[in-house]
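Accompanying notes for the structure given below.
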Amino acid sequence: MRNWEDPFTLACNTALKKNLPSCIFIIIFISVLCPVAMSQVVVPDSDADCLLRFKDTLANGSEFRSWDPLSSPCQGNTANWFGVLCSNYVWGLQLEGMGLTGKLNLDPLVPMKNLRTISFMNNNFNGPMPQVKRFTSLKSLYLSNNRFSGEIPADAFLGMPLLKKILLANNAFRGTIPSSLASLPMLLELRLNGNQFQGQIPSFQQKDLKLASFENNDLDGPIPESLRNMDPGSFAGNKGLCDAPLSPCSSSSPGVPVVPVSPVDPKSTSPPTGKKAGSFYTLAIILIVIGIILVIIALVFCFVQSRRRNFLSAYPSSAGKERIESYNYHQSTNKNNKPAESVNHTRRGSMPDPGGRLLFVRDDIQRFDLQDLLRASAEVLGSGTFGASYKAAISSGQTLVVKRYKHMNNVGRDEFHEHMRRLGRLNHPNILPLVAYYYRREEKLLVTEFMPNSSLASHLHANNSAGLDWITRLKIIKGVAKGLSYLFDELPTLTIPHGHMKSSNIVLDDSFEPLLTDYALRPMMSSEHAHNFMTAYKSPEYRPSKGQIITKKTDVWCFGVLILEVLTGRFPENYLTQGYDSNMSLVTWVNDMVKEKKTGDVFDKEMKGKKNCKAEMINLLKIGLRCCEEEEERRMDMREVVEMVEMLREGESEDDFGSMDHRGTHNNVYSSMLLDDDDFGFSMNR
């Protein structure tokens, strides 16, 4: 029997047989001239090449198993590689909390001209701060909570005109604060707290600077006048600092030096000129194009082969070979027309050992088995603190989401099965139903339906998002409120019925109706993982050292933060910290803006359809702040929240809008359900 040959090999062999001398000449010609051409015309590295070279610099780069050289980091807006942020190209790198060690070398990433965000927070990198000023298009740099040390050069941030957010907190940096920080024209947020910076604070003149944190350093001298409206807590822990908002300086204190910032002196290189150079470039480009075409043919073949792999390749082979049986609450039939296992709702005692089988909790969906998932075309949707999510399109036409959990080891097998059965009984238009699950001691799979409009977070925070108008945002908030209230009613024995409420755990269907995901999983999660990562444990009441624990009102607090996130378009950065940090709280920022009578600046500038809706937007903002009271007993009950949110309207008529006073309160009976303006800034005044 003739051995099969791939088309690329067959074509080459045929060409060689027909015209061997010509082929040899072409090969020699290309092999000689291509290196010369490439030395003159540099082809930019691909994002994948840059990322792979960067991975090789990491001491524990072996953890990046999804960074496959045979696959692309991005497929449209979906990331195939862990920690990569995509918008048809790689625009961000988010490798947080991975225990990465050693020195951080960012040089391999410099050719990635579309890179806008770099985040390595909560790792164990040490050594000096990496060089970043060659990333001239960078907008955000997050390096907090590592072990970086040493002085940061004064010009470390020169030539970075787009840089808006810099987080260097909780490292061991020393020396003076680099003067180039003061020259960043678009700086919005700067966090230098928890280091060993010395000397005086430079004069920051940026008008849009909203937050600057210098606490717990060794700084001295007067606080620059441009920063004297900041929260006093931003300067705490520096014994030598003085002047507003701290105590006045003594008469002998020197003035604040204005540190001159040298302009960037870009180096320019003159391109080769003349007819000879032009002809050589033309020939080089032609040869490169020919080579690229040949490479593309080979890559297409490799890509087709790589598509056969999928997200379950990391599972032991035995798992893929097991026969999957349906485990449902009603009698059903499997592929062999034999009755599948059926379990009575009221049965107590030990559940039968599923033996590693896929178990269905719904009977209104077409059955599939693990082999269908193994053969499915899978895409990586993302990787969060709970686990990785995959989109799987199986042969029957169903599109599913499979999520792998590695920290669901808080209960035994029987308790886990019982809880999954309980979740399978939930039925509400704003709850994403569980379809099936797979149990192993080491990790679990939860299978749900795929929602076409991605998560709420992607619409609020992705660079390529068109944004959501007011009507859609209000619709989403109303749906989330009803879904959360349903969980409160159906899961009364759970301390926190949801426990992980945030915008990335809310998906949107084709009509932008919201559905809650990752709900009611706290009983299954390991305590350490839950305390470190679940949003409920970032609430102000969670202070185990003081005996304060979470309650059902904690979910109300999370919902309030979500309301503020939807209205402001700002990401709640306290989710990135462990525990509650009022300095990083979105609630604190909103209250500060209200106290300064800048309520109009709170709302997302990207939100459309705001005309004649200001009253309703302010009313929703008040509801959000009521939900976010630091004292639990002052927060609203969930049913009260739903009632108030349901009363909000999409817009006001001209008459209604004209009947409002300048503070945004109605003069009709509707306002009796809401706060008056004296209560609007409650957390600042009480």
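Yeah, the Cβs are placed from backbone N, Cα and C, and that goes for glycine too.
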- Query: If you check Swiss-Prot, which of Asn60, Asn344 turns up marked as N-linked glycosylation site?
  - Reply: Asn60
- Counting other Cβ atoms within 10 Å, pick out the least crowded of the recorded positions Asn60, Ser455, Thr472. Asn60
- Near the repeat 'LRR 4' (185-208), which residues from the same chain, at least 6 beyond its ends, have a CB less than 8 A from one of its CBs? 144, 161-177, 179, 214-227, 234, 237, 241, 256-259
- Query: Tell me, how many other CB atoms lie within 10 A of the CB of Ser458 (phosphoserine), whichever protein chain they belong to?
  - Reply: 18
- Query: Hey, does DSSP put Ser458 (phosphoserine) in a helix, a strand, or just coil?
  - Reply: helix
- Note on the structure: DSSP output for Ser377 (phosphoserine) maps to strand
- Message: Which residues of the chain, 6 or more past the ends of the repeat 'LRR 5' (210-230), have a CB below 8 A from one of its CBs?
- Response: 169, 177, 188-204, 236-246, 249, 253-256, 583, 589
- Between Asn60 (N-linked glycosylation site) and Ser377 (phosphoserine), the C-alpha gap once rounded to whole angstrom: 29
- Cα distance, Ser458 (phosphoserine) to Thr472 (phosphothreonine), nearest Å? 14
